[in-house]
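*Asks:* To start, I am sharing the structure in question, which I have written as structure tokens.
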Amino acid sequence: MDSWCGKLLTSILLLPFTAGNYRRRQNGSGYYDCIISSRVLFLVVLSIVIVFTASKKIPTHSEIRIGFVLILLSLLMIFAVIGFCVQGYLVHKHGLQYIVAASRNASTPKLQVVFLWLFGFASVFYCGFFIIKQIECSENLAVGNIWYILLYFNITLILCLFSQMVIITHFSPYELKQTHLVNYAMSLLLVANVCMFVYGTLIGEITLYIMYTFPDSDIANCLENNSTFSVLLEKSKPILKPNFTEFCLLSCTILLEIWSPTKKVQLLDEETSYMEIDNIEHTERSPLLPTFTATEHRRSGNEGKQTACQLITLVFSITAGLGLIVCYVVMAMNIGDIDYMRNVAEIYELALKVVMVLAIFIGFYCLVSYCTPDTSPEDLKPSEYVYLLSAFGLFMMHICEGIGGDVSFDNWFMSTSILSIFQDYLQVVFLLHASRFKKSEPQSTIHLLESALIFIMICNCIFWLNDSFLKSEFSITRILEHYNFPTELSSVVYNVLLPVSVFFRFTSFLEYYATFDKYNK
């Protein structure tokens, strides 16, 4: 992957989704442990589950959103189980020590496993009763796609519950190594459990939701009749249904105990040896006497070009960003056709974020081509977790805006919201990943990377000014309040999520400036 094409593919297709600490395998090849990308993807998935499920009372395309959540959760569970099956094969082939690092206290895991099986069997029985009722109602009735998706979801859920109980029972006495495969499988299983808990909490009673969605259908009549399984499902619901919540939370607790993504990652012996070899080779290649004169001469020769590139990028960024401010000022002052100005503002914001995405990919390419990853393992800092929490609110806000575009059939608004989720994901991953890199040559100048950082930094400043002083203060600029969107949700968006997104923009501006200053030295 040392060719120009290989670096380009790495920066576009690989690095944005595997960002994290740099590792070396026994054969000398390198990889990233996904500590950054996995957390940001978790927030995106959780945002989709929360907003799509909470918006179930919006009649437009409600069954499509719920069906998407069910399919997403099913895929998470399936891939997690496949990952553990692969690990089981590796344990069978290489022995338990292949993925096990140490033993744990045996008394507590045994008690946890006992309750896990009790909660798991209760959840399986509840899902089984509902599946039988679904089959009974599906025999002679014309049912929609959401009904079959729900049926397959419950079947997948039962298989995942059994698989998870077996997996946790087998590995609960141990602490797992943080290998690439273990990290992927455990992350997927944790995401699935958390998202299923959130989904079950927000959806309420699934039968009531179906009867609310299809009030005059044969399905609602079948669910309401007093058949044997209807009575059995109704009588067992107060006892069995809460066990599903208990199972998800207890499962997450045990998984985090046997594999903690927050603790300091221990390097494998072969990784440590390669780091030592690299340090020795670097020391041997270092000159005995510093070469200040040549370095300063090369630096002074590039200062003019560097300053010119920074000024051009700065002027272009401010000019491009002020166009969006002008559109929102016109709307705030209620000048001209407001609907027309909203469309212009959405098209302008869409174009601006497309350029931001391109700048981020350019930044990834510069990291691959001109920078070196830090080989020392590093977990996320508390301030970075606060930054991720603000990104979580921004993701939910964009998803709500996308639903608003779907409700109003505003294609520009919906397209901007979908692109915004992708752009913000890339922005967060790039910022946190760039902090784990350094220039390959300390005194070199990377004009392309500096320009990309300046553009992203100024755009975040523009969005911060726009959201703080225009969208927050002038309700006429709030698009969701002028469409067929529930008042409760729009209130949450603009009273809770918008202030969080303002903090995200402000923090992004400061952090990108700090990153620019780091690479500008």
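Just so it is clear, glycine is given a Cβ too, placed from its N, Cα and C backbone atoms.
Automatic prediction, not curation, is the source of TrEMBL annotations.
Positions annotated as signal peptide by TrEMBL: 1-20. Under the heading transmembrane segment, TrEMBL lists 35-54, 66-91, 111-132, 144-169, 181-202, 308-331, 351-373, 385-405, 411-434, 446-465, 492-514.
Thinking about packing and proximity, how do these listed features fit into the structure?
*Replies:* Panel annotation: around the transmembrane segment (35-54), residues 16-21, 65-66, 68-69, 72-73, 76, 183, 187, 190-191, 194-195, 198-199, 202-203, 261, 379-380, 388, 391-392, 395-396, 399-400, 403, 421, 425, 428-429, 432-433, 489 of the same chain, lying at least six beyond its termini, place a Cβ under 8 Å from a Cβ of the stretch.
Listed as Cβ neighbours of the transmembrane segment (66-91) (distance under 8 Å, sequence separation of 6 or more from its ends, same chain) are residues 45, 48-49, 52-53, 56, 98-99, 145-146, 149-150, 152-153, 156-157, 159-160, 163-164, 167, 181-182, 184-185, 188-189, 191-192, 195-196, 199, 203, 209.
The list of residues near the transmembrane segment (144-169) in space but at least 6 beyond its ends in sequence, with Cβ under 8 angstroms from a Cβ of it, reads 63, 66-67, 70-71, 73-74, 77-78, 80-81, 84, 113, 116-117, 120, 123-124, 127-128, 130-131, 134-135, 138, 189, 192, 196, 206, 210, 213-214, 219, 247, 251, 254-255, 258.
Long-range Cβ contacts of the transmembrane segment (308-331) within its own chain (Cβ-Cβ under 8 Å, at least 6 residues beyond either end) map to 338, 341-342, 344-345, 348-349, 352, 355, 447, 450-451, 454-455, 457-459, 461-463, 465-466, 470-471, 474, 476-477.
Same-chain residues lying 6 or more positions outside the transmembrane segment (351-373) and placing a CB less than 8 Å from one of its CB atoms are 7-8, 10-12, 15-16, 22, 30, 32, 320-321, 323-324, 416, 419-420, 422-423, 426-427, 430, 433-434, 436-440, 444, 446, 448-449, 451-453, 455-456, 459.
For the transmembrane segment (411-434), the list of distant contacts is 15-16, 19-20, 36-37, 40-41, 44, 342-343, 346-347, 349-350, 353-354, 356-357, 360-361, 363-364, 367, 380, 384, 387-388, 391, 394-395, 398-399, 401-402, 404-405, 456, 460, 479, 504, 508, 511-512, 515, 519: same-chain residues at least six beyond its ends, Cβ to Cβ under 8 Å.
Same-chain residues lying 6 or more positions outside the transmembrane segment (492-514) and placing a CB less than 8 Å from one of its CB atoms are 386-387, 389-391, 393-394, 396-397, 400-401, 424, 427, 431, 453, 456-457, 460-461, 463-464, 467-468, 471-472, 478, 480-481.
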*Asks:* Where else in the chain does the transmembrane segment (111-132) make close Cβ contacts, counting only residues six or more beyond its ends and a cut-off under 8 Å?
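*Replies:* Tertiary neighbours of the transmembrane segment (111-132) are 151, 154-155, 157-158, 161-162, 164-165, 168-169, 172, 206-207, 229, 232-233, 236-237, 239-241, 243-244, 246-247, 250-251, 253-254.
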*Asks:* Under an 8 Å Cβ to Cβ limit, what residues of the same chain, 6 or more beyond the ends of the transmembrane segment (181-202), are close to it?
*Replies:* 33-34, 38, 42, 45-46, 49-50, 53-54, 56, 69, 72-73, 76-77, 79-80, 83-84, 86-87, 90, 99, 157, 160, 164, 244-245, 248-249, 251-252, 255-256, 259, 261
